[in-house]
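Asks: Can you read through this structure? Questions will come right after.
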Amino acid sequence: MPRLKIDSTKRRNSELALLALALLLVLAYSATVEATMLDTITPDFWVPTAALAAVFLALHVVIRFLAPFADPAIIPAAALLNGLGVGFLRRLDLDDVSGVAEAADRGAFAGGGGRQLAWTLISVILAAALLVLIRDHRNVSRYSYTLGFGAIILIMIPAVLPARFSEVNGAKLWIRFGDAFAIQPGEFGKLALVVFFAFYLVRKREVLSLASKRFLGIDFPRGRDLGPVLVVWMMSLLLLVFVKDLGTALLYFGMFVVTLYVATERSSWLIIGLLLFFGGVFLAYYLGELVGGPFANFYDRATIWLDPFSDIDGDGYQLVQALFAFGTGGLFGAGPGGGSPGIIPEVQNDFIFAGMGEEIGLFGLVALLMLYLIIVERGLRAALDVRDSFGKLVAGGLAFTLGLQVFVIIGGITGLIPLTGQTTPFLSSGGSSLMANWMLVAMLLRISDAARRPLASGGGLATAPGGKPAPQQLHGAPTEVIRP
Amino acid sequence: MNAPLRKASIVILVLFGLLFANLNWVQAAKGEEYRTHERNSFRLRDVEYDKQRGNIEVHAGGTSTEAVALSKSTDGRLRYQREYPFGDVYAHVAGYKPVYGTASSVERFENDYLSGQSDELFTDRVRAMFTGEEAAGGNVLLSISKAAQEAAYKELKENKLGVKVGAAVALDPSTGGIQAMVSMPSFDPSPLASHTQADTDAAFAAYDGDKAKPLLNRAVAETWPPGSVFKVIDSAAALEAGSTPETMMQAGPSYVAPGTTHEITNASANVCPQQQISLIDALTVSCNTSFSRLGVELGRDVIKKKAQDFGFEDEALTCGNLKENSGLTVATSHVGDVANADGTEDKAAMAQTAIGQKDVRITPLQGAMIAAAVANDGVQMRPYLVERLLGPDRTSTHYTVNPEELRRSVSSDVARDLQTMMESVVNNGTATSAQVEGYDVGGKTGTSQNGVTDNHGWFVGYAMKDGKAVSAVAVFLEAAGNGGSAEATRIAGQILKAVTSERGGN
């Protein structure tokens, strides 16, 4: 269809231009790091950026052909975050390098930064493959129950596995194969769960929104409809207990409440959800204080959050070091390579934002947050624009979850909320997180392509006389809900 | 479903708004507090080593100076490496600045200035910000004379008795500026300034574990009995009580103080065996029986008062930067209680105290300060090390020492009598090897018993030209045994020669 190509070219060209800008920034970042840390720039400093450029451009070409109307801002934003993450992890590797010669000897795939680069290539290829495989996001709904079942299995495996196979730094979130390799199944479970929620809610939304009892001015659903919510909430609490991780529980629960709210358009769900959530948190806090056991972990984190400086050398050490890093960075930062991120424990994972904060300062971090905001809000935009409920719920759920995750981890390491172990999307070291987040991006692209595709080319629908598109008969449920 | 999606997107905006606000709070509002938090020392260190630390310099003849501690740039993460080109020679006076651990001496008490953090360098920091130059630390010029320091180090290290432990101090009596300060054994500060923590730790463990305690600055940090050096104090007290150098005193081969059977004798049978001896001759030959008797006659209070006038019992004394009143902590020199159990004067102890035994303890610096007060017509100047603070570019001077009178030890008349007496010691007595051609040199030797090891050897003295003091010096050799004070005197003479020759004989 020649007309279709004309329509999409401008959009794709801006994506290409933004991508080139992002890669240029990554290249400049790598050069600055080497100039600061080694006082010179090694001759092959550009190799990792070139590898990233190759794979991002390949993805761009795939999008040109398979999702030509997709939002042009998402890929460059994710690519910039991802590229800076690789650059920062390479910068951490340079801390262990004694001189220029040794730095020059390192291959593009050496060290933590090299591993991250390899994972990025795999993840982006996976995202491209997903775009190739899934030509219409609605097809995914066919596998919803499989995905839902799979999600629960994936999430529960680490919880039931013995600690030596599943525990890393006190959080049981992993399946470990020896010391070298571990995957975090929850990262994938999260995606599958969103798809399952979306599918379930699209089917149940009318009964959930219509059948209700009014109490204290709030419309409460019937008990049997409330059941699944309570089940998922209980599952979240169980996760908190077994996995010792409030963040994951909060993420799943928030994701569920929001998709439920979007599906039913009932704010009562939000109120119920928030009440249940805060009830659960306070319960966990007081149980942690009184009986300890599985709740102690959360109680400890809450006390650290309340006053990290009361135990600088012990429990508060990590958070205090992060705050020192942020503070030392100040407004402009020490410059890439100019800080001391190695002091912060787990700076390559949970605390990568703090490590970067020392070097790029408040202005740099705000720019990173803006990139996240672009991805999340563009995802929500796709959800607004797409015409089918399933697509709305999947895009809305995925985008909101991503935003919530960024809030939970960055809020945690800046002392805004109690710290919970989450990866920082696209930045943190680790394959599972990267793959899952690039899959998420692929889904958002697919849905935004459907949302922005001109109606005439959407599915061979007839154009009404006068050139205006005909009213749509959409797949799935109608978008209007009749209130009682 | 679009209405709740819009609300969800507002929720995201609110959550990110909270992150923005909190980041502003952490990085902008609280940033300064976190950055300068004392527990943020790791980062402060990195920042500290990102700029060139200033030099510590000494006088090298005329107006030229030479750096004894400087920083060179490296390829490593810490961009500057501290170097000590003269190794052991200036170790105790300049100190050392380890990456991992606590600095010492000038490196410690002038750290703010050397590292460029000092308020005095504020304008230099601002200028560096605008010119884009690297802000560097300021340079500290010490009062140390390279010739005197190196002579003191060499002569102490290569002393003819093979003594391993000792100290030497030289200072300018008219200003209080330290010209030389050597403690033996010394150490090389360079491995302590290594960028590799394991190397620093190993070097520190080796120095710290050494029984000879090379890190200890014996010139100021420890006290020993001064022996006959204390007779200068007795002499000053006697002169103030109305005696003259010619006043005759009782002498003799032995003296038994009231209330004891202990016999005080002279160093050998040929020292003052006669019944009468003048005060000046008693000091010249170091007659124990005369001075013990003199001490008992004058009494505890008079002797202790005079000792205090020379700087004993001064617990607040430091030696470093006069303006900041910071620097090396100087161990307090004591006379001792000289008391019976009921607090009354113990005359037997007084007889011992008067010849610098019993509980009398002085630092080598105190020894030099006694000589300096005599040479400076009775006025004791406050000792200092830091003479000038120069800006990073060396064109500006942020501080020039303003010498400070510490106390008046004796009247100028008494001081002149003491000069006559001490010069007699060098010209006719026990200290002839301290003579310097063309200078009036005065001094006093000391041999002190400590009951445990061999006797310590002491010499304190000064050199003057045309009535103006040039240098006062103290040399101490621990457990040097026979000939200890003679060797200390010879070394002192060499130090005085180095100071005077650097001044071109003027």
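Every residue gets a Cβ built from N, Cα and C, even glycine.
Residues annotated as transmembrane segment in TrEMBL: A:45-66, A:73-89, A:117-134, A:143-161, A:181-202, A:269-288, A:360-376, A:397-420, A:426-445. Residues annotated as region 'Disordered' in TrEMBL: A:458-484.
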Asks: Can you find at least 3 Cβ pairs under 8 Å between the transmembrane segment (A:45-66) and the transmembrane segment (A:397-420), where each pair is 6 or more residues apart in sequence?
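Replies: These two segments do not touch.
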Asks: Among the recorded stretches A:73-89, A:117-134, A:360-376, A:397-420, which has the greatest number of Cβ pairs closer than 8 Å to the transmembrane segment (A:426-445)?
Replies: A:117-134
Asks: Could you check whether the transmembrane segment (A:360-376) packs against the transmembrane segment (A:117-134) - three or more CB pairs closer than 8 Å, residues at least 6 apart in sequence?
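Replies: Contact between the transmembrane segment (A:117-134) and the transmembrane segment (A:360-376): absent, because fewer than 3 Cβ pairs are under 8 Å.
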Asks: So if I exclude everything within five residues of the ends of the transmembrane segment (A:397-420), which remaining residues of that chain have a CB under 8 angstroms from its CBs? That is, six or more out.
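Replies: Contacts of the transmembrane segment (A:397-420) (Cβ under 8 Å, skipping residues fewer than 6 from its ends): 190-191, 194, 197-198, 245-248, 250-251, 254-255, 258-259, 262, 298, 301-302, 304-305, 308, 318-319, 322-323, 326, 350-351, 353-354, 369, 372-373, 375-380, 382-383, 437, 440, 443-444.
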